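Worksheet: the structure to be examined is printed underneath.
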């Protein structure tokens, strides 16, 4: 009798595996959410920065309410995520939106889960960066840093929880596409490629944190740009050019930050070495190269003027 049960289980598993390889779109990698992340949002409607920021904040609040973080880590993770500029998820969402004006997959893609992922990864890096063993900062965004408020142990676990949940969000995004976008080409394969790319980028960011270089900033913009491009086009074609655009933007962002921190930074700072004037010129040059690439791919939209101006404002201290 026991052998019969084992054989029955094996047969059922074989049937499931065969069905999965033939019809992967019917199988979820993740459990469905109990609440919708967004209501009444038109994925293809042009938006300004303020509107995108408000939309993402709604998505973030709904994700936290739905239990993205559990137990004692709910409060520190939620605390860390509040009050950001959300520039990385906004970039990702806008690239997806702009790409879909040229590509159709049967239904518009709204990349809510992917946008959450890139913000979770970024905020996890900020928590680590503020720790006593790194920058030893007790203030960020005009409030206590996570470790200063909740302790080192909870801060470390929160960074880990944010990173793990980010990968879960990528998988949820792929599941959402499989359910809603019937003409999206091979979402499982692209999802696997995205997870591999993100893992590599996070490794680069971690290495950058250890030596305090721009490589701790640029990888998160690469994640935003490339995930946006892949989800918006359904392909990895021209991904090298998109990565270059991301590098230029991330470099400009880091250099602008170096100008802002010129008088307070105790570690490596490009503006201290090369001077504020030269650094500002490099910011402008990097943004111009990024703009040229985005124009070439027909994804430079009006919101980029706002995004670029925010980088300039950081450099100017306004």
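The backbone N, Cα and C atoms fix where each Cβ goes, and this holds for glycine too.
Summary of the site annotation: Swiss-Prot records isopentenyl diphosphate binding at 85, 88, 122. Screening the candidates 141, 149, 172 against this entry identifies 141 as the one listed for that site. Listed ranges 1-21, 22-42; the one Swiss-Prot annotates as transmembrane segment is 1-21.
Residue 216 (dimethylallyl diphosphate binding site) sits 9 Å from residue 129 (Mg(2+) 1 binding site), taking the C-alpha atoms as the reference points. Residue 217 (dimethylallyl diphosphate binding site) sits 15 Å from residue 135 (Mg(2+) 1 binding site), taking the CA atoms of both as reference points.
Among the record's dimethylallyl diphosphate binders, 140, 216, 217, 254, no two C-alpha atoms are more than 17 Å apart, and one pair sits at exactly that spread.
According to DSSP, residue 135 (Mg(2+) 1 binding site) sits in a coil region rather than a helix or strand. Cα of residue 85 (isopentenyl diphosphate binding site) to Cα of residue 129 (Mg(2+) 1 binding site): a span of 18 Å. Within 10 Å of the C-beta of residue 88 (isopentenyl diphosphate binding site) there are 26 other C-beta atoms, taking all protein chains into account.
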